[in-house]
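Visitor: Got a structure for you, written out below as structure tokens; questions coming shortly.
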Amino acid sequence: MPPKTSAAPPQSDESDSDFDDAPVKKPQKKTTKPVNRHKEGSKDPEEELQRAVNEKFDGSDGEDDDSDLFSLQLPSRPDFLTKPNRADRLMIRNVEVDNFKSYFGKASIGPFHKSFTSIIGPNGSGKSNLIDSLLFVFGFRASKIRSAKVSNLIHKSAGRNPDKCTVTIHFQRIVDIPGHYEVVKDSEFTISRTAFQNNSSSYAIDGRPATKNEVEARLRRVDIDIEHNRFLILQGEVEQIAMMKPVKTTKSETGMVEYLEDIIGTNRLEPFVKLFQRRVNRLTCDLSQQRIARDHARNSKVAMENPVRAAIEFLMKENEATTIHMKLEQRRRQRYLDKIAPKQAELDKMKEEMKSIAETLDTNKNEYKQSEEAQKVMIEERSKLDKNFDSLSKELSDLGTEETRRKEALKRHQANISKAEAEKEKEVKKRSNLEAAPEKAERKIAKCQEEVEQLLEIEKTANEEADKNLDEFEKRSEAPKEEQKKIQETWAQKSNEFNKVRGEARIAREDFEDLKKLANSGTDKLIELKKRLESSEESYAKEKDELDKLKPEFDSWNDKLKQLSTELPTLRNTARQKNQDLAKTRDRLETLRQQNSSCSSSNKVIQALMKEKEAGRIKSFHGRLGDLGVIDPKYEGAICTNFGARLNYLIVGKEEDAKNVINFLVANKLPRQTVQPLDKIKCDKRDLAPNPTNPLPAPRLIDLIDCDPVLKPAFYDMVRSAIVGDSTQEAQRMHRMPACRGVTVCTLEGSMIHPSGSFTGGGKTVKGLILTDKNKMAKQVTPEDKAAERDLAEKLGKLRDEADELKGQEHEMDGQLIEARRKVAEMSNRLSIVTSSVQSAAPAIETLKKTIANQEKEAAKVKVDAKTLEDKQKIVEELEKKRDELGEEAAKVKARQAEIQSKLDGIFKELVQCHRDEAKESLQKRQKLEKDIAKETANISNSGRNIAKCDENISRHDKDIEKMKKKCEELMEKAIDDEEVKSKKETVERFEKQIKKLQTKGEEMTKKQSELSAAETKLEGELKKCSEGIKELKESMLADRLKVEDIEKKLAALKVNRIPRFQFLIESSRPEDLEMQIDDKMPVVDENQSPEEVERQKKHMACVMSDAAYALEFEMRQKVLENTESYENVDGEDRVPVELLSDEKINEISSRDAEEMQMKLKVCEQQVEALKAKVDISSIKAYVDKVKQYNEQVIKLTIATEVHRKHNQELQRIKQMRLEEFHSAFEFIGKHLVAVFKMLTDGGDAKLEYIDKDDPFRQGISFMVRPAKKAWKQIQFLSGGEKTLSSLALIFALHMFRPTPFYVMDEIDAALDYRNVSIIAQYVRQKTENAQFIIISLRNNMFELANRLVGIYKVDGCTRNVAIDPLRVCEMAKQITDSLGQATCTLPDEVTQRFNETMSRQNKEMIAQEKQYPNFPSSNEISKAEKIVNVEGRVRKELIQTTRDVTSRPQSKATTSGDGTERPASRSASRPESRINQMKYPAPRLVERSSSQNVRSPRKARNIEADETTPPSKRSNSASTPKRSPMKPLTPSSKKKEKAIVDDDDDME
């Protein structure tokens, strides 16, 4: 199939299944993973390679991502270029379709021939559905299969609507043998695809479900090129290759170079070329920027040399002043040291006395400590007793609870047993009733049947009696009916007269009323007008008064509305601000209350201990451990679940306070607590550091706790070095790591892995034992906090009152505003109505007055005669009187008629209706009895089933009762042993006695500790007195030492400046002043080089020399940096400390020397102060920084140059590799293209050539074609048939380069003439034995050469097919005719021979019968003329070609490309020459016409056999007319000659 011009649409109307996507490459996301070669043993190396390239590159020109491009490995060449040729090949055996498109049910298309199979059939029969079936299996979208969605592929016809369709392709590998083939063992496989009505589809390989990717991989492994689809050429697509541009102009289309690159496989290198090209472009830009940065750094460095010289001079003078100052301070320090020695002796004596007191105090403390240890043992013993006591108490409580539950369960089961037995009794009674039901039902049925028979008899008798009395009714009703008939006639006559008189009376009444109205019209109208005038005047007066009142009232309300509209927003803003203040104050108060509330611990123990701390009795009490630290809520479960008990410990600073806490708790009978003193916790400070020296793979719990540093040891003693992981799996993984050896690992949900490997966890996660919000940490509520809370509460109350008052004012004003708006709207509306009414009322009153005056005049004119009116009234009264009389007569007749009808109804009811009512009543009773019979019959039939159901229910109840009885027995067995309960109670009482005994012993110990504590207090007083004496001496000595230290600090602060030595600046030895030496290895410019090469080498030499110069300068500048530490900081922050003098030299300085040094110091300081404003000390450091920056830029430039060179070198290597691979394949394809096209066109020529040989991938490839006996043309300028031939030639040439196992083509011969179709058919049959061709064709000279024909036809709207081998049919026909003894031609060679003989004989007969005309040539003359034309045409062509070859050499009509191939001259250059040659060598047509004006041209002669698709019999009949020239036998040579004549005619035109 030709290349696709655009990618498939992302979505279609079909299913969203991935299997319906067209097999086109989709751009993948860009990634930086290296592209490695495919793994060994991969199922499809080419697929793995393409996937790897797609993961790395998406084909876009995006930005460079700075990844290491040299780590990428280039993909290897495609497998088809390297793997050896196989002896076997793939072929399609047949295609099975099931309800696919026009195929209903299962059908097998084929089997196909190994070489050439032709699909034939009439239009619309379903030939192209074969290609659609292949496309369907190969994974194309529905839109590519001439369908909107997948479900449309399912067969649909009259009465047939299957729910799915399936296509299965049978493949096999074969080895060709003469005339047949052998199937390779175990090479057969099938691929199928099924589509469903819901637009989904599925794949299968050998019947096994598979994915679309697996199908594509399997097809690639058998060399089916599903990427380019060259094996598939659809109808009308063969010419698309001709329409391809040399190179694509947009991303969606494909050019000739891309088309060939895809097939050759060099496109695998294109992403690498683009990637390296982007990197080289960026590196080139970076290189230019780096050179600019280097030059800028050098200029900045040179500009700072003069300020550096001045700064060095200043530093030297400053060092001189510092040295003098140092000598004076050293002399003063020595005087203070001489005072300290006597005081030190007295201090040593007092320390000895204090040591004796301290030893006595330690003895006392040891006794106290022993007492505490004994107390601690006692406390632990009591703790164990308390624990056992609580445990036994809980067991006793649990036993009681369990016994109560057992008794309740026993009671519940016994109740259920009673209930189940009652239900069972009900079912037993129901069963006995059901057993007796059939007998009762039978008796009732028999009784009902008897009643039914009686009712049937009554019904029958009543109906017979009714039918019998009908005749009697007819006899008795004859007289009344006659009378009724006469009365009806009378009534009709009276009714007509009444209607006639009524109409006359109505008309007369209307005339009278009209005349009466006319007489009164003038007077009535005048009265009405006067009333209206009076009413209008009265209304006008009222409305005018109302208008005068409304105007001032409206103005008043309007002013009020404006005032309220202005005041209300202001009031609302004030109220809003007040509410905001109220909300802020409320929030502050709530926050303060929460803080104060959280500070007051809810625990009574903590509260009581805090009071003791405030009283000063337990000074170092801190609180509960969990309240003293904060942790992230994420880790709350980890610490609370695993260390929950430790978080409840009470923390004190000293051990003695821990004892005081315990005594306090015991004395006040408070719950027992565990107290931990901080001074007894031993831990390494390094363990408390947030970042341990050996980092662990997860955070430590101790590092996650935020607390006071003083309390950190308490938390560390609890969690140690425990770390926390996210999950149990992660914890197990970390536990196995060497770094976590000996470390406890916790999880977020509360599990723990101990260092020994034991695992605990699985229970409920505990939370709430430690704070998760730092703001909630406990602190003491001070009086100031309480006062602040009261103040805020008072302020909140005031603000609330003010806000309520403002809110009330706002509501009141809002109501006033609404009322004002309503009033203004009402008054405005009323004012406009009244104003309009007043304005319109005055003109209306004037109009009414004028109308009244006119009406008075009109009334005087209208007068009616009173006599006429009286006569009319008499006529109306007479007619109405007559109407009433006739109406009374008609009513009497109608009443008589009703009497007669009533009499008739009575007779009918007496004789007939009574019997019918009786029959109807019997029928209703009978129907009711029949329903009862049916009901009882159903009860009889259902009785067995109901009894079985009752039996089942009884059995179920029995099982339930038995089950519940067993449970009751089990519960009875579980009764608690009273002896065991009694024993446990005795143990509890014993524990209580032991606890009381320990409590008494504890009180005694507490008393002894109080006595020891008093003695300790006395000794501490004496020790304190000695300590104060020592303190006074120390303070005196400290004052002297402080002065010495102060002097020493000043001496230590005295520093001299480092004086840098910039020797090369003083000598002015610059690199730019040195002479540059040119290296002998530099390339020399050759005079034979092109100007571009010379210019390129000049630029290269300039860059090399510039880099060498700066490298030399870099070496010189580096000397400045050799001593960087000696002058790196010369601004006073980190200068060199001054060298101090020895004590001997200090003692040698006399007072006179000191005074002289003071004077000299002042002079130096004045000089330094004078120079300080003129110099910039920071210029020295800045200069050093500039030198460093310059050297860094030089190093960066060197590195950038080397990186650019390496990337550019790799880019050129990949480009060259791509070009060489492409060029070798390109030459192979081009050579075979020329050979194939020359064979197809009988002498034509075609070639693929580079538009730009240096870079064919940029400009592309042009496809040049020279049809036989014509000039060179671009393929897009050819005719349709020539385009088809050119495209097919390229397809066949590509087949030789990259063979495809099979080809499926749809009417590729549609645009070809008879001769070219035959050539294509012969080529397919003879020249391509290594492939299978399946061609759909309607041309007989194509399908007649096929090895096998598959006929497609339709029956009842469904497609069917049949396959035959033409040669086999002919052989069978030959055998049949031979067996019958008939000489009939059946084989193709025999038929051709017989046809040629028949043609020769008919031509001879035509010549013999031909009449001779003096003015017309004979047949022999015409034949001679044709031969002459043929010979002269060939001679003329050869002469023209020779002339072109001679003239093209000096005039350079053809150019030679870089690869040695000759390019044809342009059409404009060759056109004049061809015209000249036509003049030199006249056309053969002129010679032919000169012999006779009436002889047909060769073109017309060819029309004799123009339609060569006509059967031989018809062609022989058409040639039998005497006026046509004799026909020659059909041989290949004669056909070629005729075609040559036609081509000559085309050239002459």
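Numbers run from 1 along the shown chain.
From the backbone N, Cα and C atoms, a Cβ is placed for every residue, glycine too.
Under the heading region 'Disordered', Swiss-Prot lists 1-78, 396-444, 460-485, 1440-1549. According to Swiss-Prot, the feature compositional bias 'Basic residues' maps to 26-36. The compositional bias 'Basic and acidic residues' annotation in Swiss-Prot covers 37-59, 396-407, 420-444, 1460-1474. Annotation comment: Swiss-Prot describes Gly121, Pro122, Asn123, Gly124, Ser125, Gly126, Lys127, Ser128 as ATP binding site, evidence class sequence analysis. Per Swiss-Prot, the feature domain 'SMC hinge' maps to 619-734. The compositional bias 'Polar residues' annotation in Swiss-Prot covers 1440-1459, 1510-1523.
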Visitor: Go ahead and report the DSSP secondary structure tallies for the region 'Disordered' (396-444): helix first, then strand, then coil.
Guide: 49 helix, 0 strand, 0 coil
Visitor: Can you give me the same-chain residues 6 or more apart in sequence from Pro122 (ATP binding site) with a CB-CB distance under 8 Å?
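Guide: Spatial neighbours, sequence-distant, of Pro122 (ATP binding site): Tyr1353.
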Visitor: For the region 'Disordered' (460-485), what does DSSP give as the number of helix, strand and coil residues?
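Guide: Across the region 'Disordered' (460-485), DSSP assigns the residues as follows: 25 helix, 0 strand, 1 coil.
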Visitor: Is it possible to list how many residues within the domain 'SMC hinge' (619-734) are helical, extended or coil according to DSSP?
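Guide: Result for the domain 'SMC hinge' (619-734), in helix, strand, coil order: 60 helix, 18 strand, 38 coil.
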Visitor: If we skip the immediate neighbours and take only residues 6+ beyond the ends of the region 'Disordered' (460-485), which ones have a Cβ under 8 Å from one of its Cβ atoms?
Guide: 897, 900-901, 903-904, 907-908, 911-912, 915-916, 918-919, 922
Visitor: Select one residue from Gly121, Gly124, Gly126: among these binding-site residues, choose the one with the most other Cβ atoms within 10 Å of its Cβ.
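Guide: The residue with the most neighbouring Cβ atoms within 10 Å is Gly126.
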Visitor: Below 8 Å Cβ to Cβ and six or more residues apart, same chain only. Which residues does that give for Ser128 (ATP binding site)?
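Guide: Residues satisfying the criterion: Arg146, Leu234, Gln235, Asp1306, Ile1336.
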Visitor: Could you say which of the binding-site residues Asn123, Ser125 has its Cβ with the most other Cβ atoms inside 10 Å?
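Guide: Counting every other Cβ within 10 Å of each candidate, the maximum falls on Ser125.
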Visitor: For Lys127 (ATP binding site), what residues in its own chain, 6 or more apart in sequence, show a Cβ-Cβ distance under 8 Å?
Guide: Ile119, Ile120, Gly121, Asp1306, Ile1336, Ile1352
Visitor: When the pLDDT values for the domain 'SMC hinge' (619-734) are averaged, what is the result?
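Guide: 85, rounded to a whole number.
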Visitor: List the other residues in this chain whose Cβ sits within 8 Å of the Cβ centroid of the ATP site residues Gly121, Pro122, Asn123, Gly124, Ser125, Gly126, Lys127, Ser128, in sequence order.
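Guide: After dropping the recorded site residues, what remains is Ile1352, Lys1354, Thr1359.
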